[in-house]
Each structure stands twice: as C-alpha cells, then as structure tokens.
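This report refers to the structure that appears directly beneath it.
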C-alpha cells in the first residue's frame, strides 16, 4: 500500500518557464531536458482492494514463466485474426493470449455487431445510468467475439481545442462531466467481462503533429503539451482519476509529448501521477506505434507495446543482465497484464481470443453473433437521448400530423453501400458529403448492422400516417412545394482521427439552409455533428423554426430522430460544449498549435490558459455564447425552487488524513461527502419529460463556476421531484502545488443550480 505522506518531492509540479534559446532554431531535444521531472523507480502493483485475488493468481502465474515468456507478454504480435492487436498464448500454462480491439463506440472491421452512439452523443445525454447500460450491452458484444480488451473509452482529448479532430470520441469538454460518464461506462463494459483500455493518457488535445514527421530529410518531433501541475490535476488528470477509480484494467498512453517527454515514456505522468498518486493497478499500453524508446520506456512505467515492438524483445532481458533495468520491473509488467486477465475472470469461460474477429471478413468464416435483441432498447434510447434541441420557435416541434413534409440535404440519406466499416476519409473535409453521419472517422469508427437514415425513417413514418413526403437530396438550391407543412434540412460536420478540423462551419451547408429557408416558412434543421458546429449564419433566420444538434447517434440515427420529431420521445439532451457566436470567441483555443519560429523542429503548445477552457473561458472573459454549455430545450417546461444547502461536519481546510493508504483513484478521503444540496423541480408544461438538473460551484480564487453535480430525472406533468446532490472533498477542493494535495479553500463558496451553465435560477452560498 502506498501512503500519501512523503510524496511532495516525488510529485513536484512542472514549471513552464524556459531558458531563452541561444540560437535561432532549436535542433536538439537536449534543450528541453528536465522540463518533465524524473520519477523513478516504477511502482509495483500492490494488488490492493478489489485486485487482491487477481494479483495473488497473477504472481503465482508469473513465477512459473521463463524470461522469454515474460517478455512476450509485453508486446503485440501478428495473429491470423482481425483483432487490432494480439498478445501471444502460453500453451503450457493454458494462457490463450489476448485480443484487443477498437473502439469505444462499438467493434469495427467485423460482422454481426452494432454501431453504438459515440462518446459525444453519450455526453449530450447527461445520463449516467444509460451510459452504464450502453457500456454493458456494448461490452457483451466484445465478449462474444472473443475480444479481451476494448480499446476505449476516451477522455483524452478533453476538448481543449475547438477544432480538435477526435473531440467526438470523448464525452464532454468538462472534466467532472466526462469523469462521471466514463466511470459508468467502464463499470458497464467490465461488468460484461471485457477489460477497458481507457485513452489517451494524457493532454492529447490535437491531431496535428501528434506524431513525429519527416519531410525532405527534416525531422519534426511530435507536439509537446506543456502543462503546469495545477492545470494537469484540475482538468486533464481529473477524468482519469475516475477511470482508475472505476477499475479500468488498462490505460493507453498517447502519441504526443508532455512537457517535452513522450507520453509513453514520461516517468512523471506514468510512474508519478498514474501509478503512485492514483494507485493504478492495471497496465499501461501504448497507442499504436507510440513507443519511442526502449528500456527508458519500461523504466518510465510502460508495460505493453502495440502492435509490436522492435525496441524491447530480447533487449529487456539484456537490460536486466547489464543492470539498466531491474528484473522486478519485468515481473511487474507481466504481473499487471496477467492480473488484469484474472480481474476480468477471463481465465474461465471466455471465448477463444479473436474467435469472432476474422482476418478477412469477406472470406468464409464462422459467424459469431455479437449483437443481441436484448440490446435494442438501450441502443435506441442511447441514440435518442444524445439529440439536443436548441431552437423551437412557436413550438414547431413536435410535428402536428403534417400532411406533407419535404426533405433536403446530403445528410438525409444512407450510404450507397455498407461494408464492415464506414469509409475512413484519408483527409478531413468539413462534411461527409456521401451519406448521413452516424460516427466520426478513424479507429473510433464502428461496423453497423444496418443504418437507419433519416430519409428512410421518415418515409416509414409517412407510410404509417398516410401522408406525403418529397425529397431532393442533391440540389443546393432546391424547389419547395408551397403546400409542404415542414421542410427538413439535413447537414453534417465531419471529423476524423489523424486530422484536426479545418473549421467549425461549412459555407455550402449554410447556403443550403438559407436557400431552403428563403422558400419555406417552417424550416427545421438537423445537424449530425462530430464536434462543435457554429450556426450564426442562419440561426436567427425567421423561417428557421427549429434546430437539433443530432451529434453521432450510431445505426439507429433515423429511428431516434423520428421519435423526437413526432413527439413520441421528448428531447432531453444538453450540450457537452459551448457553441460560440463567432469562431474568434474561442481565441487561442480555436486552432491546433503548429511548428513555428525557434520551435519549428519541436512544436510547443503551452497550456497557458490554465483551467480556463470552454465555458470557464467564456465566463471569465464575459463572452456571450450562442448556446452555452449544458443548454438544451424540451417540449415541456421545468420550474426550480427550494434550494437547500446542508454542510456535513468534516469541512476542515486542513489536509485530509495523510496516513490514508492510496486506493484505486487516490486518497479515499477525496470522496468523503462535504456538502449536500437539494432542489425541487416541477414539470409545469404539457407533457412528461426528463430534466438534467445541473449544479455549479464557485470555489474561492477559482473559475466563476464549475460543474460539480448533475442528475437526470423524469418528471410527469404537474409533478414535483426533489433532486439531491452529494459533493465530495475533491469536488470542493483545488490542487495545491506546494502541499501536493487537494485542499478546501477558506472563504465563501457560491452554489448555483439550474438548467444550464448560464440558466441558474437558484443560488446560495456556504462558508468554510
């Protein structure tokens, strides 16, 4: 067991002050040495708490391994299957090996599985219970297919850069929001007996220059995320703390550098923060091709390399022989990997690794059915709840028995063909022009069993109603029948791994919207968006009556949307990011950082804004957003009243018990309840609905407000429910870089409760 006392020197904060260069261009990484503190040795897993039995078995298993067998556990190998990566079997000890596969929104490159809603869509649902159910049902598909480890979910990137190409894979730009949803997701997936490799650790906030590049013989290193200790803890490490507390068996380290040390050999973040401070018991796996050093990476805390390693292999045993690596480090690497296998109970009753992942899906192979009829309800509900209604002029929606609807836009139709993975565009256009967008591009993509496109679902609805539907998918300036009751315009905003987005708008799509709106007095716009999408060019058009951010719903996209359009479901989604009125409002956090000036060969991205990203930055700078973080409309109305703030006895500003043994997630006293808050919410509208009650706290000397509670509740018409929030010590503390502790602050705290980060009808305070 690790104790908190004595960690101050080990976990000292990172300085962002650099010595002035003595030459125009920096040509050696030696210039940056020491900017990321060295933390050695790599802590051994303790097998504490829920891991005790798994570690006992793993240590006995590893004791019977040869050095070569231990080494083989630490790096991927080729196998005749379609898994993203494989660890070889050890037949003499009945270890069948491991299959690890993408990704956090459903399996890809295989058949008989579902394409689930993406991370951003789950974030927009604000539904913790649904997040766990989604994880459980999705995890069961991986289990049936013989996948030991799901490569996900994602909490890095957090979403610092508005144009970030992979923001859609994560849940939210807020660390608290993201942390609770990833916690429930991991609990769900691992309850299905499948491990998670949560990613990308850490501060992986842009795709541009994420990897080293070489052009015309000139080598450019990966971008460095330069981040101070306070910001690291209060933003980027926060959701990973919830990841560790949830018991994730693996964490995937990221491509880029952190304070000029590569993420997969950064001893500060791996040995210091993850394995010591947070008490992580699982193993650290590289992203694909993210290993940049040999023995240095193992000593820094890396445990497994994917998809293979040319730097380890026999070099590990050689390093032990020559004293550059301890034998105990290799034992710990192997133990962490095998303990995770035992922790998921995969030693008994688990399918053969990769049995449902054929190397060639188009060649004859055994059909392993991953999807289940039991998942249908959760699949659809997950798709429904991530839609966010942001405009509904004169209660345009839900539709009132229209006799005729007209459909326009490239995003309305399904793809012309459907294989075992949607097209991964080899560049990053503003839109996916060929079909409706249900998922982003890259390794986070998935393999739909079918795609319910909006046009298909609307046609089915029209058949059932006996009404009429017209459509023109391809025209940029279509004709509109004057007798149509509603014009439904479908556009999208694309994003993919490997590229950051070129912008937050698309002129062609905006022109389509305004062209239709100029001819139709009831224009309803649906945007399938893989990230922030600005709407300032047409949001105030008098004929644009309703707007839905539909995000990335997965294969039930059309079905989910029609449920909402026709009022069988009431919109309950809320934005997990801020939509600005102008791209310039995001300031320096709009674009990714590029190589420039003296850092042309070593790109530097200074996180100098600290904790002020997204709504925190808008609040600090007094910028009025188009739609604030947490905003979303309903077909009903909710009234808030009866704010009650009750402190519990232990609210000392002193350090929490320093002798407390570290458990998964850190000091267990961080979750001691310090404050209880309750409010009453009444449904004062015409229909039943779900409301997301949000609690924000203004901590002394901190941001104006930070999300510190949310609950989604169903409220019948005319009924009142009481919503309760329990706030822990971590929720009300700030990170002290000197004490290296989470500390409560002396002074007056503000408490806000309401419908969004800016619609907060209830306000109170308490003093510590």
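Using N, Cα and C of the backbone, Cβ positions are placed for all residues, glycine too.
These numbers come from a predicted model, not from an experiment.
Per Swiss-Prot, the features are as follows:
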type: ACT_SITE; residues: 287; note: active site
type: CARBOHYD; residues: 25; note: N-linked glycosylation site
type: CARBOHYD; residues: 72; note: N-linked glycosylation site
type: CARBOHYD; residues: 259; note: N-linked glycosylation site
type: CARBOHYD; residues: 315; note: N-linked glycosylation site
type: CARBOHYD; residues: 322; note: N-linked glycosylation site
type: CARBOHYD; residues: 394; note: N-linked glycosylation site
type: CARBOHYD; residues: 434; note: N-linked glycosylation site
type: CARBOHYD; residues: 472; note: N-linked glycosylation site
type: CARBOHYD; residues: 543; note: N-linked glycosylation site
type: CARBOHYD; residues: 651; note: N-linked glycosylation site
type: SIGNAL; residues: 1-19; note: signal peptide
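Shown here: features listed in Swiss-Prot, placed on the structure.
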{"residue": "25", "record": "N-linked glycosylation site", "Cβ contacts under 8 Å, 6 or more apart": "598, 600, 601"}
{"residue": "72", "record": "N-linked glycosylation site", "Cβ contacts under 8 Å, 6 or more apart": "87, 88, 90"}
{"residue": "287", "record": "active site", "Cβ contacts under 8 Å, 6 or more apart": "199, 200, 252, 253, 254, 255, 264, 306"}
{"residue": "315", "record": "N-linked glycosylation site", "Cβ contacts under 8 Å, 6 or more apart": "294, 295"}
{"residue": "322", "record": "N-linked glycosylation site", "Cβ contacts under 8 Å, 6 or more apart": "none"}
{"residue": "394", "record": "N-linked glycosylation site", "Cβ contacts under 8 Å, 6 or more apart": "545"}
{"residue": "472", "record": "N-linked glycosylation site", "Cβ contacts under 8 Å, 6 or more apart": "406, 407, 408, 478, 479"}
{"residue": "543", "record": "N-linked glycosylation site", "Cβ contacts under 8 Å, 6 or more apart": "517, 518, 520, 521, 522, 523"}
Task: Cβ neighbour count (within 10 Å, all chains shown) around residue 434 (N-linked glycosylation site) - done: 16
Open item on the list: Let me check the 10 A CB neighbour count of residue 259 (N-linked glycosylation site). How many other CB atoms are there?
Closed with: 22
Open item on the list: With DSSP assignments reduced to helix, strand and coil, which class does residue 434 (N-linked glycosylation site) get?
Closed with: coil
TODO: Name the secondary structure element type, per DSSP in three states, that contains residue 472 (N-linked glycosylation site).
DONE: strand
Open item on the list: In whole Å, how far does the CA atom of residue 434 (N-linked glycosylation site) lie from that of residue 259 (N-linked glycosylation site)?
Closed with: 41
